[in-house]
Amino acid sequence: MRERLMSRARVETDIPCVRRVPHRYMVALMAAFSALITVGTGAAFALVITRLSEKKNEDRVNLVFTDCTGLNAKVHLEGDMVFLLHITYFISFSLGLVPGSILGTLFSTTEVAGWSVILFSVATWILPFAIPASIPFVFVLCIILGATEGAKQPAIMALIAAWSTKAEKTCLYGIYTTGVYTAPALSSLMTATTLCFASWDGILFIYGCVGIVWGSLWLHGFHDTPALHPNLALEEAWFLRQHGEQVQKSSVQMLRRVPWKAMLTSRGVWAVFLGSFSRNIIFAILVVHQAQYFNDAFNIRAEDFGILSIIPNVGLGVATMTGGLVSDKLIDMGNDRTNVRRTVFCSAYAVEGVCLAALFFVSDWRVAFGIICCGIAIGGMAVSAYAPLPSDMAPQYTSVISGLTMTGTLGAVLITGLAAVVQTLWAWQIVFLVAGIFHLASAVLFFFMVDARLQPWAKGKTSSTANQPRKAGNTNNSAVGQSDSEENIDNYETAPLTESSEASHNDLEFGLKRDYKTIDRVT
């Protein structure tokens, strides 16, 4: 009977799960949905406060909405106040990353991500009441929004690493980053519509409610690793056990083993930081300052540009997913992983840098919009190159590396500081020229710094025996042999453990321990 179950498991791990969506893809899809909520909220908030800072102008360009009936807030924000709110959010996001990565190492990454989104959503829901009542309280809420978003990011990256296989890693990260970069598109459409036809604060209530629902579903249906999932399909459990990254459960012991010095002096880690820093410059322009740029330089309303901004955002999302699929295919064909990451990143960043620099010479909004769409979309392929690097270099420490390297959000703080002092077309042209030159320099540096190999300091034991308790009653001193031998299956109840055999024993636990009830069903 057990031999039949073992044979069934051995066969089904060699084929894809076709009867339903594999749980690892559900993890990536739910992670992408969390990005649609948090990043979308940020984009919506940017459009809302841009609308609240607009001055009445009879010569304003009306592209889409001409007869808006939405309710306006009884408050006006000065331009300087708007940029201070943006800077507060980005700084608090950066400050929340490292504590978030430590929390993800100490506690359940699923719970860290879920509660972060819930707190983020509660703060979003309070924002419409705070903006007319107390601007200092709005700053407090921006700190909460940034810190909780910062805590969520490393946890999500670690979860995807724990659930991905080596052949699907870039694709799963691509699904998540596609959510990150398509979030502004969906948010722009919804925000523009609610601003014009409902009220200025309607979109914040929507995102707040959806985020709370997402957090509740996430906390009740998802787990840190495949070994901790009580109802994971048998065939997918064995598939992940054979081909996935074996990641330990979060614990104090794991935090104590983090090789901080080696990590902070690793050339590959700094390559990820460089990619994050330069990418956040573009992301800040795309999510926060794009509407402000077209408002200042070409007198286009926030509602109208909210509709137009869907195009570059969708292009960015498609390019990110395409880059992930192409990278996985190239690696699967036998190409060196480091060379694939290097080629995709540098080629995409070179094109994007040229497009950004070209905006220095543009004074027509249509040409500027076309160049932005082209450059940002192609640049999205670079995300699929540097986002999986923490998992490539050290799967066990993905949360920590992601938290450290995502402090590249300081790039968004830098560009926001520059945008705070520019309100003319000429000044914005200078900003884009600087961003373009920096992108080209980043491509050159990344070429020499990137390293996608498993790092020597990350080659510790990754046995996941902490993920599940041992089978009770094992007290003898004989060792368990290979996990897929019939002798081991027959002796599973009585075969004891030695230190050298814990990984083999865990293979049995992972595939069979919680599936004894399945044996009767199979037979």
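Note that Cβ sites are derived from N, Cα and C of the backbone, with glycine treated the same way.
Unlike curated records, TrEMBL annotations are generated automatically.
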Annotated range (TrEMBL: transmembrane segment) out of 81-100, 121-140: 81-100
Remote residues contacting the transmembrane segment (343-362) - C-beta distance under 8 A, at least 6 residues beyond either end: 275, 278, 282, 319, 323, 326-327, 368, 371-372, 374-376, 378-382, 384-386, 428-430, 432-433, 435-440, 442-444, 446-447, 450
Tertiary contacts of the transmembrane segment (368-389) (same chain, 6+ residues out, Cβ under 8 Å): 157, 169-170, 173-174, 176-177, 181, 268, 271-272, 275-276, 279, 282, 286, 290, 294, 297-298, 308, 311-312, 315-324, 326-327, 340-342, 344-345, 347-349, 351-352, 354-356, 358-359, 362, 439, 446, 450, 452
Stretch contact, the transmembrane segment (202-219) with the transmembrane segment (25-49), Cβ-Cβ under 8 Å, 3+ pairs: yes
Tertiary contacts of the transmembrane segment (25-49), as residues 6+ beyond its ends and Cβ separation under 8 Å: 77, 82, 85-86, 89, 113, 117, 120-121, 124, 127, 145, 149, 152, 156, 159-160, 163, 172-173, 175-180, 182-184, 186-188, 190-192, 195, 200-201, 203-204, 207-208, 210-211, 214, 217-218, 222, 287-289, 291, 302, 306
Outside the transmembrane segment (401-420), six or more residues from its ends: residues with CB under 8 Å to it: 79-80, 83-84, 86-87, 90-91, 93-94, 97-102, 104, 150, 153-154, 157-158, 263-264, 269, 272-281, 283-285, 288-289, 292-293, 390, 393-394, 431, 434-435
Long-range neighbours of the transmembrane segment (426-450), counting only residues six or more past its ends (CB under 8 A): 267-268, 270-271, 274-275, 277-278, 281-282, 285, 293, 296-297, 338, 341-342, 345-346, 349-350, 352-362, 379, 386, 389, 415, 418-419
Segment confidence, the domain 'Major facilitator superfamily (MFS) profile' (27-454), expressed as mean pLDDT: 83
